[in-house]
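Engineer: Next up is a structure, given as structure tokens.
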Ligand SMILES: [Zn+2]
Ligand SMILES: [Zn+2]
Ligand SMILES: [Zn+2]
Ligand SMILES: [Zn+2]
Ligand SMILES: [Zn+2]
Ligand SMILES: [Zn+2]
């Protein structure tokens, strides 16, 4: 353990009020309220910080149409600690600081949400901000000022409750490839709702793991057993392995998730039904091909009804 | 500049998009090559501007390119280089280029003792490894669904260095360890070619099979008649190209001519790189280099393809028979149409004929289609401007009061760069990262 690198955890909390409300309405034993979620996540954060003195953390919240950096371990640039809080002999001050900042920031943001409860969360924003943060923190020019010399081992954990956001398919994929380049593993814990196609791909492509909760009230145990170990430790301990990975994509035209798509050979745009002209690069497709796919004038383009069924195998 | 599309606000209509094809015309030529191209160019100039063989050249000192200022400091020179790089990136138009759907390439690297020759600096071997790395990154960028394998020629044998894979990281890893690849003995064209041919035997008929040989030797040490191998390559439709580092060999030239490949002898380091990178655009495109804006939309080879995105079955699942080899395997991919299990993608489903690809491979190239708008260098700090960067959420670095013509070179004197859409300010680290790696504006999404 002593030679393992200092690890930086970027935690992304999916804080969609609607999804959390639905989650708290689940039948007994499966219900998980936002408050109990936050308590358990705080305990997890504290255990990460307790593992090693140099460990750092940053917490991002994905609120409806918004993403906010809730907390990041004070580095060279930040002087985050508020010394005004009264000292309590029974608490470890650094933990208390993290806990109060994170929970009060979440409450602040939650209260400022007004009409946009239903809107999709700013997960992409949170992901990209997290990556920007990691990029700046591991940048050697900046790092020299942040005292430590041991290599930083950055990873990400997304605690997701929202369904797939197929509208942001391309940005999500772009962030995944950026994480790949930075060698950041993305772990995903699916707390509530159906499996997430794109987050599955994120974990798969970056070498992280995707875990869907079976027992929602045992969240903390899942977090500690599955996601506390640093990457160097993961080689040794039995780690949750990948289940099936769904490699589907979202079409460019309707943002539907498709398993069979029509792809422009020039720019590789994906469409859910045959189109005569590529909307991205304006390429016109040969009439012969379109006929083969059963695309004709009588059929209206763009209603998405003529999916894979009309396609003839070659 | 096309309207910003990075936030994916695509309308439902397929026809009212306003992407100007002419804007995209050949744009890739700048973006794709600027990364590494500057270096050899400079080096050419160091050679006195003539395109002679490198062994004819005079001694060059790369450090001559960097000049000290009056105070004897390199600071300004370095700043200038950075600023120029930045400006180049900002000015380079981004856009769509033609991508081939499925290509298969085996790179044969000569690892014979002739590669230790120092006529190319530092050695032919080191230069080849370095160029191969750059080549692979660029190749996958332009051929996202392609697969590359690497075979070495060493000690009279063909040596498998990297299996065919569609993951550039995996391939780069196989050639990252220089010590494992140290040149030794004689090369064998025949052995290596046979090995490359057999590794591409299983591929579907319509996918391309290409071999690229980086050859430094003037001899080949073969167990049989190499002309038989050439015939076999022709009948298998394997296209062989050779970049020779020493001189032209008849067998190499014949090999290329007969299989439809390209042959070239590298004059110097820069020329070597150019020859190598000529193999990146797909062959069809090279035959018809007119890829102007209007030609693009009427190009007969543009087509709409139907593709299936599979489900990946993990190593931990119960073994079952695959349809491609009829072998019991755990790992595999399920065809979305007929649920047949296939060993590897991209491929054609053996049961229903659907082309099966992994969608992330397609997605890898999408950032070219929807680039993030360049951020504008802020000249002053607005009154209401936040104290932290919109990307990394850290405080902005303290602005340095240097650089007289900072605004002209695209460098912000206050260290802030603003997104034209979301109006948020970003630090220079994030500006660089967003445009070169992330391709998502953290403020807009
Ligand atoms: Zn669609
Ligand atoms: Zn297109
Ligand atoms: Zn098989
Ligand atoms: Zn099939
Ligand atoms: Zn920043
Ligand atoms: Zn923006």
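Residue numbers in this text run from 1 along the chain shown.
Every residue, even glycine, has its Cβ placed from backbone N, Cα and C.
TrEMBL annotations: computationally assigned, not manually curated.
Below are the features listed in TrEMBL for this protein:
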COMPBIAS  B:11-24  compositional bias 'Acidic residues'
COMPBIAS  B:35-44  compositional bias 'Basic and acidic residues'
DOMAIN    B:104-255  domain 'VWFA'
REGION    B:1-47  region 'Disordered'
ZN_FING   B:335-352  zinc finger
Engineer: What parts of the chain pack near the zinc finger (B:335-352), using Cβ distances under 8 Å and only residues at least 6 beyond its ends?
Structural biologist: 102, 145, 147, 166, 203-204, 206, 308-311, 313, 320-325, 329, 358, 361
Engineer: As a quick check of your reading of DSSP, tell me how many residues in the zinc finger (B:335-352) are helical, how many are strand and how many are coil.
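Structural biologist: Across the zinc finger (B:335-352), DSSP assigns the residues as follows: 0 helix, 4 strand, 14 coil.
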Engineer: Looking only at the domain 'VWFA' (B:104-255), report the model's average pLDDT.
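Structural biologist: On average, pLDDT over the domain 'VWFA' (B:104-255) sits at 90.
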